[in-house]
Structures are given as structure tokens and as C-alpha cells.
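K.L.:
Below you'll find the structure I mean.
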């Protein structure tokens with residue numbers, strides 16, 4: 001059905017249903033089909049969101065943009081820049097829409113075609129830019145990084161142990177401090193005995209191939225939240241692998257998801273924990289900005305050690321065990337025992353999780369945004385107590401925030417984000433500036449993946465229309481500091497920077513998007529916190545890194561030979577963030593974009 005409004009004209013996809021409190025990425029599709037039976041253009045084998053399915057369809061059958069209305073000198077082109085080997089291609093800053101596009105009359109020809117039509121582009125361009133996801137990503141990441149490079153990453157000057165994933169198509173220097181999943185699972189990190197993978201969207205066959213050959217038959221537990229058809233599909237994927245077992249996370253509250261992304265890796269040499277933001281599918285490790293925290297190698301405790309042995313100053317061990325215990329699953333008892341038997345005392349981050357439920361009393365502060373509030377009150381300095389220190393939230397999906405900012409964003413959620421160790425009167429509502437970073441339509445259009453990158457930014461029209469007030473808080477995605485301005489973010493981060501954005505009071509990397517389902521919402525006059533989903537992240541506080549000033553300095557160019565102190569935090573995107581201009585619109589996945597081509601010469605028509 002054709003509609004018109006603040007975002008132009010669009011056709012609403014009938015497959016997208018909006019719910020009040022759940023973010024749009026948290027609506028899994030249960031109608032996935034097998035590659036084997038449906039061929040290359042089918043929906044993915046793994047269960048995923050409707051937005052992801054639309055992106056897969058447009059990659060397999062792109063809609064070419066042929067616009068005879070552009071004057072020759074304004075015809076969008078993708079310039080290539082040849083740099084270091086493996087650097088791929090770079091986007092030209094000339095990839096801009098005409099200023100008066102709404103006044104021009106374009107004759108647009110829509111041509112749906114398969115991806116095997118190389119004549120559409122010169123051969124060199126086609127070779128560099130073909131993005132058939134699975135096959136191409138696997139070719140590129142077929143082997144882990146050089147041994148010495150990976151060893152230096154883990155044991156060199158990175159006290160935070162915070163990494164980004166590698167991105168194909170950016171300058172190679174910006175990948176020098178980054179990791180692919182094959183790096184994380186390589187024998188260099190340890191001699192694997194067994195592993196557990198917690199995730200939301202999982203391609204079992206692809207996942208198995210990321211393990212080194214010698215580890216592919218080691219016991220693997222997959223923790224997921226799939227139900228009914230999606231669960232059957234996931235189990236069917238694993239039938240060829242006798243070493244794979246499953247744990248289904250209980251999701252008893254409507255619209256909740258198992259959104260946590262974590263790896264538990266048991267080695268002959270010890271144990272390692274990895275908390276990250278990527279789904280276990282090829283596309284998420286290819287051309288997106290993703291975050292990873294990798295623990296030290298935890299040694300085994302001597303036999304007879306007490307239950308409290310091996311705890312860190314951040315209580316990471318007991319908090320991780322509590323998080324796993326919340327699943328109430330016998331399948332995780334073995335992993336709780338494994339953690340109990342290891343020394344996690346070298347951990348410097350705080351664990352911040354969400355688990356589904358309704359919590360009262362002291363349990364209210366165990367999960368979600370009230371857990372963040374408690375940690376900040378107990379561990380953060382009063383340096384950011386003044387109103388002038390803003391809050392930054394950056395995410396890839398958005399739930400319903402209510403009719404106005406007072407309903408959740410600038411009330412209970414903001415109260416948690418601005419909590420400090422200082423005592424004093426509460427700040428007025430929205431006295432602290434809030435900067436929300438979410439990609440614009442042009443961010444997506446000009447990205448490495450083009451419009452299909454929007455499949456992992458599933459903000460729907462139905463949700464957006466109900467909260468136009470929220471968009472005044474939005475800021476563009478820009479990541480020149482990490483070379484990732486054109487790698488769309490699937491990472492989620494929150495922080496409290498100083499007014500000049502040169503310092504941060506704390507930094508959080510997490511799976512949690514901007515939604516009540518992820519962070520929780522107060523009920524019963526504030527006496528109860530209701531959370532729908534499983535989420536997990538790690539919080540970096542200066543005090544845990546021996547910094548008594550109460551803040552981290554913000555690192556300059558990532559992976560450069562800068563003279564930043566080793567305790568400068570590598571924020572992965574540009575600060576201060578730039579607010580949307582008058583012509584900028586947030587990416588909304590389920591409306592078409594046909595006025596300008598993406599970096600592959602295509603349009604976006606999701607249905």
C-alpha cells in the first residue's frame with residue numbers, strides 16, 4: 001500500500017509487524033528455507049529477521065538503478081583508489097545525491113537481475129565489489145592472521161582487550177589491530193578442548209568452518225533462543241555434526257530474544273571468554289563495524305581451591321556464573337563448573353547482562369539498566385557529575401520509546417546512564433545532552449555493502465512513525481578514526497564523554513540495542529523491572545585500570561603510531577558525533593529508496 005509522510009513516499013511491507021516495546025531486530029523470521037532446496041537466491045538457511053531476509057534477496061537479485069535524468073557530470077560513480085595490497089576499494093566523497101533531487105523528474109528503469117551479470121560493470125570494478133557475502137567473505141578470510149600479528153594483539157599494548165572485526169575493502173592499516181572469527185578460534189589462542197557459542201542468528205555450517213580443522217570435532221554447545229520452525233531448522237543444520245549439542249534459552253515473556261553474543265573456550269591451557277556483537281553468519285564478519293572483548297587466558301586453579309578463589313576486583317567470575325545460572329539449564333552446568341575451576345582474577349571489566357524476567361527488591365539491580373546504574377554509582381568517579389558531560393548511545397536497532405522522551409529515554413534510562421559515585425540532587429530531565437548515533441539513509445547508501453547493509457539496521461516505519469520526536473537526538477555514523485565510516489555499525493556502545501569529547505568517564509560495549517526489551521522497563525510505580533531479552537556486554541571503568549583521575553583519555557587515530565598514552569581508550573567512531581542535517585533521515589528498512597543508487601549501482605526495494 002502506497003503511503004506518504006515525513007519520510008517521502010513508500011510502500012509498507014506487509015511482513016513487518018510492530019510491537020510496543022521490542023526493537024525491530026528482535027523479530028525473528030520463522031519461514032527460512034534451505035539453500036540446498038531453493039538455490040542461491042533463496043532466503044538464508046539460518047533463521048533471521050525480515051530485514052535480513054530482504055537484504056539477502058536484494059544481494060541475490062539486485063535492482064539496478066538506471067537513471068537517464070542525471071546530467072553526465074552528476075552521474076554517480078564509484079571511484080577506486082589502489083593502495084596497499086588487500087586494501088580493496090575506497091568510496092569517493094563525490095557519491096552524493098543531487099541537491100534538488102525532489103524537484104527533478106527522473107525516468108527510472110527497474111531491472112531485476114541475478115548476480116552473475118558481470119557486464120554491468122567493468123571487470124575490475126566487479127571483481128572488487130561483488131558482495132555475495134558467504135562465498136566472498138570466506139575466500140577473503142580463509143586463513144587467520146599471521147601468527148606473530150595475532151600474538152602481538154593479545155599480548156601487546158592493549159590493556160583493554162577491546163578489538164574490532166576485520167573489514168574487507170578498507171585500507172589494510174585499519175585492519176592491523178582487528179580480528180576475524182578464525183583468529184579468535186585459532187590454535188594460537190589455545191589448544192581447544194570444547195566450546196560454547198551463545199548467539200542470536202546462527203549459520204551452523206559456516207560456524208563449523210571457522211574452527212581450525214583439528215578442532216572441528218571437539219564438543220560444541222550452541223545456546224540459542226529459537227522456537228518451533230526456527231528451532232527445527234537450526235537442529236536440522238547440525239545433523240551432520242555429531243559433536244554439536246544445543247541449549248534453548250527460555251523466553252517466557254512475549255517478544256523476547258536470545259540476543260547475547262558470547263564464546264566460552266576451554267583449552268588444555270585454561271579458559272577464555274569472548275563477548276562480542278556479531279551474529280554467527282558470514283555477513284557479520286565481512287564489512288560491518290563490530291566489537292569484541294577477549295579475556296586473558298584464565299589458568300586452572302589448584303585442586304581444593306575455595307569457591308571464592310580466582311575472583312577479580314570487578315566480581316566478573318561470580319557475575320558470569322550468575323548469568324549462566326539464570327538460564328536454569330542442565331546443559332550449562334558443565335560450563336559453570338569449568339568457570340568455577342579457573343582463575344579469573346586478571347579481569348578488569350565489569351559484566352553487564354540482561355535476562356528475561358520481572359525483578360523486585362535487590363534483584364532489580366542484577367540486570368539491565370539498573371545494573372548499569374548500580375555499577376556506575378559504586379565504581380565511577382564524580383568527575384562526570386556535572387551536567388555538561390553528555391551521554392552517547394550508539395546502536396543498530398531501535399524499539400518503541402513511547403509517545404515522548406519522558407516515557408523512558410529521558411527518565412529511567414537516562415537516570416541510569418548519568419549515575420555517578422557523587423552524592424547530590426537529581427538532575428532535571430534531559431539536562432544532560434543525549435547524542436544517539438544511528439546511520440542515515442546516505443550512510444547506508446554509500447557503504448561498502450550498499451543498501452543491503454540496511455538489513456542489519458532494522459528500524460521499521462511502523463516504529464519510527466510513532467516517535468518522530470526521537471529523531472532530533474540522532475547523529476550520523478562516522479568512523480574515520482578507525483577507517484570504518486563505510487562499514488555500517490552492528491556494534492552497540494554507550495559512554496559518558498567530557499564536554500570537549502577528549503575524555504570518557506566510562507565505556508560499554510554490548511549486544512543491547514536501544515530498546516526496553518533489552519534494557520528493561522520499570523513497572524508497578526518503579527518497584528519492578530521487566531526485561532524481555534538476554535543481552536550481554538562489558539563495562540570499562542577507569543578505576544579498574546588503575547586510573548585515579550576518573551576518566552580515560554580518548555585515543556586518536558586507531559592503529560596509528562600516535563603518542564597517545566597506553567591508557568587512552570580506542571573509541572571506534574568519531575567524536576563529537578555530527579547531528580543529522582535538515583535533509584538527513586534515519587535508515588528505515590521497510591521502505592524503498594529509488595532516488596539514488598548505492599555503491600553497487602542498485603536501488604532498495606525491500607519487498
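Including glycine, each Cβ sits where the backbone N, Cα and C put it.
Note: TrEMBL annotation is automatic and uncurated.
Residues or ranges marked as region 'Disordered' by TrEMBL: 1-127. The compositional bias 'Polar residues' annotation in TrEMBL covers 28-46. Sequence annotations record features per position, and here TrEMBL assigns compositional bias 'Basic and acidic residues' to 65-84, 100-127. Feature annotation from TrEMBL assigns active site, nucleophile to 259. Look at TrEMBL and you will find 490 tagged as active site, proton donor/acceptor. As annotated by TrEMBL, site 'Interaction with DNA' applies to 515.
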K.L.:
I need the most crowded of these active-site residues: 259, 490. Count other C-beta atoms within 10 angstroms of each C-beta and give me the top one.
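P.N.:
Of the active-site residues 259, 490, the most buried by Cβ count within 10 Å is 259.
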K.L.:
How many neighbouring Cβ atoms, not counting its own, are there within 10 Å of the Cβ of residue 515 (site 'Interaction with DNA')?
P.N.:
28
K.L.:
From the Cα of residue 515 (site 'Interaction with DNA') across to the Cα of the residue listed as 'active site, proton donor/acceptor', what is the distance in angstrom?
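P.N.:
The separation of the Cα atoms works out to 15 Å.
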K.L.:
Please report the distance from the Cα of residue 259 (active site, nucleophile) to the Cα of residue 515 (site 'Interaction with DNA'), rounded to the nearest angstrom.
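P.N.:
Cα-Cα distance, residue 259 (active site, nucleophile) to residue 515 (site 'Interaction with DNA'): 12 Å.
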